[in-house]
Each structure stands twice: as C-alpha cells, then as structure tokens.
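Database features (Swiss-Prot):
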ACT_SITE  GLU57  active site, proton donor
BINDING   ALA159, TRP175, THR201, ASP205, SER230, GLY301, ALA302, GLN303, LEU304, HIS305, SER306, ALA307  NADP(+) binding site
BINDING   SER173, ARG189, LEU209, ARG212, GLU299  substrate binding site
REGION    1-150  region 'Deaminase'
REGION    151-375  region 'Reductase'
Amino acid sequence: MEVLSEQQLFFMRKAVALGEKGRIFAPPNPWVGCVIVKNGCVIGEGWHQGIGSPHAEVCAVQDQKCSLEGAEVFVTLEPCCHFGRTPPCVDLLIKSKVAAVYVGLLDPDPRVCKKGVARLQAAGIPVYVGVGSQEAKTSLQPYLYQRERGLPWVVMKTAASLDGQTADRGGSSQWISGELARADVGKLRAESQAIIVGARTVCLDNPRLSARFPHGDLYERQPLRVVVDSRGTVPLESRVFDLSSGSTLFATTQQCPKEYIQKLKDLGVEVWESSSHQVDLKGLLRYLAERGCLQVLVEGGAQLHSAFWQQKLVNAGVIYWGPKFLGDQGQPMLRDLQLSLVTAEHVRITETSLVRDSVKTCFECLEQESVDKKG
C-alpha cells in the first residue's frame, strides 16, 4: 500500500530498529519489532527476544503506559494467528481493542501468511499492509529468503589487502584487517547461525570461529561452526573441534576415512556426509535451513568461496579491506571462475564505511539462480 503519512513511516522505522535488537537471539524466529501509538505518542514498544519468549506484539502490550483501546499498532511482520510455543498475537490485539494495525510485511510462513491479517479484519480491525515495507524487508531478508526458498541467506565474508589478496603467498590470512574490523566481524558472526569454512583455511589459520565482543568476551549465543572437508584432512586437534565454546558440524563425503569420522564423533562433533565425491553445498545449505539457520556466513578460503559463486549460492557479501599490499604472489579472493565482463557476477553495493584503518564494503548479488525447495 502507499504510505499514508510520514508519521506512520516514522513509527514503522522505529519498529524495524526495535526488531534489530533481537537479531542475534530470535532465530529461527524472525526478529520482529512492534510500536503501539495513541494520540501520536508511543505508549508501548517491544521486540522478540528469543525462541519461546513473548513475541514483539506481546512485549509491546506488556509495556503499555495506558489503555490500548483506540491505539494503533505498528509491527514489522504480520502478527501470528496459530498456537506454537506462544499463543496467537492476533487474539491479544483483538482483546485489547486496538483501532488499527499497520504491518510492514506479510509473513511467508504458510501457517501465518494472510491468515493473521484476515483474523484481525474479521474482528473489525482495519489492517494496512506495506507501510515501511522496504525497511522491513531489508531487516528481515534472511528470514524471508529462508521461508520462501528453503535455503539460508548466504553471506560471503572475506578480508583482503588493498590489492585484492586474501592471504600471503604462504596461505596465511590472519590479521589482514584491523582490530576494529575484526570486532565488527564478531557481531556479523553472532548475527549468523552458522559459519562455513574450508579445510585449507582451518589447516593454515587454525581459527576458533567464535563470535566475540570487541573486548574479547564471547557472545552468549555462538554460531554453529561448519567445516567442509571432503577427505578428512583437518587435524583432529584443530580449535574448531574444541566444543567448549560452541558446536561444530563436519561436512564431508564418502571419501573420508571411517576411522577419522568416528574420532570426530567421539569428540562430540556432528558429521554430515554427502554421497557425491564433493560436498554437496546446496544440500548442506538445505540441511542447515532445516536446522533453523536463517543466515550463514561463508568465511572461505578462496576455493570454497569460488565453489559457492560457481553454484550461484551467494546472496550477499562483506569485504574488509586492510591497509596492506601483498603483491601478485598473494592469494586471490576467488579463483578459476573464468569470467569476462559480460559473464561477470553483478552486485549492488549497499554500504561502504571506514572501520578505523580498514574499509568495509557490503554488497548484494543481483543475479541469482532461481531455486525452490525441491531444487
């Protein structure tokens, strides 16, 4: 629908900002925000803080500062109308006798889609869908994509020197970007439900793949660490197999020795096996989506990044440009794609910012392979 007023857009943007507060803990649920307004003043606000906890609308109602009768509700995603871990939000809004509900986006979840709106309308409450829809879509893109495609939103993350190299000639890629950039990566990891890396990256850098605050403390919720290794070449003493600070999934093939797999299982590592001679990346993504992953972060290296690009599985990316030059003996960001200017992947730059001594570039892919849940 057409935006009715700048004031309504303002309140929806506020709801989107509130929803973002739940981005780390809400998944596999969407990070929804809600604002309740009466006589032009905010009388209640809330956001979904995690699975099993009250939804945004309930939190906003509980935050009320006066009677909700005649109030307007601004919510980023269509209110739910089914019993899950919590009761339907529409019933509470109807009981509260609100005057109108403004919805940023319809929920693609078939249990909710258009049903929540219909329930409210059947109760005589006007519902306006589409206010601030672009802002809501930008915020909830991983959730929307996962529900519509059956695949998580894939973000390619890498750090590169100013001449585009992601590792030195020996293959080491640690500390290309600055300290604040690495802190920013910690937040990006925390906002993702899984981090995917290749065997070479683990062998060369031995990363922990943990999500940390700038001062070094771990985020309370850690992403699943996923190691892609077709043959079982990663040393068993690698940090990613230390489960004291997070879980690890080992994605492999039938070429991996059974003894190696058993040792991983003895360590508590989950093993996902592909029947082909290479790890089925799309099948792996589908499995992660079934586990509730809305966004996954692919951290490389170049071989794994290239495989995701070749299969058109990348949705967006973040590049941290460090203040270094590594020369033509370094490792490229992507390899063996054999693209020309005509066949090159097109992206839209969504952000360029300075993170102290590094430059952060964010992009979204414009050309995506058409996929469905059976694809």
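Backbone N, Cα and C atoms are what each Cβ position is placed from, and that goes for glycine too.
For the pair LEU304 (NADP(+) binding site) and LEU209 (substrate binding site), the Cα-Cα distance reads 16 Å. Local packing around the Cβ, expressed as the count of other Cβ atoms within 10 angstroms, is greatest for ARG189 among the binding-site residues ARG189, ARG212. Comparing the Cα of the residue listed as 'active site, proton donor' with the Cα of every entry in THR201, LEU209, SER230, ALA302, SER306, these being the binding-site residues, the smallest distance points to LEU209. The Cβ of LEU209 (substrate binding site) lies under 8 Å from the Cβ of ARG189, ILE195, VAL197, PRO223, ARG225, ARG239, VAL240, GLY246, GLU299, each on the same chain and at least six residues away in sequence. Among the binding-site residues listed (ALA159, THR201, SER230, ALA302, SER306), ALA159 has its Cα nearest to the Cα of ARG212 (substrate binding site). Secondary structure at LEU209 (substrate binding site), taken from DSSP and collapsed to helix, strand or coil, is coil. According to its DSSP assignment, SER230 (NADP(+) binding site) is coil. Looking just at the region 'Deaminase' (1-150), the mean pLDDT is 93.
Per-class residue totals from DSSP over the region 'Deaminase' (1-150), listed helix then strand then coil: 54 helix, 28 strand, 68 coil.
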